[in-house]
Amino acid sequence: MGYLGMPFRVGMGFDVHRFTESREEGQYIPICGIKVAHTQGIVAHSDGDVALHALTDALLGCMGEGSIGQHFPNSDPQWKNASSSYFLLEAQKKAAAKSYAILNFDVTIVCEQPKIMPHVPKMKEFLSKLLDVDVSQMNIKAVTTEKLGFLGRGEGIAAHAVLMCYRV
């Protein structure tokens, strides 16, 4: 039985983006498909949703399909300002083509600001509808770096994701 015959597969993803230098009210950061108000925006080629990028990488990794950068390179103008939801759905299609579906996933968002936890219920609702996965199959949490490093200085945001698929 080859690797693709295994009943379960696991992938891990990571992404990081820096914040814009300008600070003004009315900006937002896309996180798990939700616009979270912040005084800075995101520097990115696509919409810059670090959590969806990490999930996409985890799902692609789970299937042995490389990385988000291989499928949607930031050097390709067609992905300029592209929706991260599209990337994740394309990765899910690749999994389905190999007869796999998402069993569960865990996302950790790393930043000092903005505060993430108040938005988690909406994030879960969004991901549940997008991926057709029950909210009981997902976990989203946020941590800080205790003011250490570039994330601790408030220069950006990162996300880690672990995802498990099962053979359907």
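Cβ coordinates come from backbone N, Cα and C, glycine included.
Note that the coordinates shown come from a computational prediction; the quantities given were computed from them, not determined experimentally.
When His45, His53, His71 are compared with the divalent metal cation site residues Asp15, His17 in Swiss-Prot, the one appearing in that site is His53. Candidate recorded positions: Ser46, Ser75, Thr144. Fewest other C-beta atoms within 10 angstroms, Ser75. Cα to Cα, His45 (site 'Transition state stabilizer') and Thr144 (site 'Transition state stabilizer') are separated by 25 Å. DSSP assigns Ser46 (4-CDP-2-C-methyl-D-erythritol 2-phosphate binding site) to coil, not to a helix or a strand.
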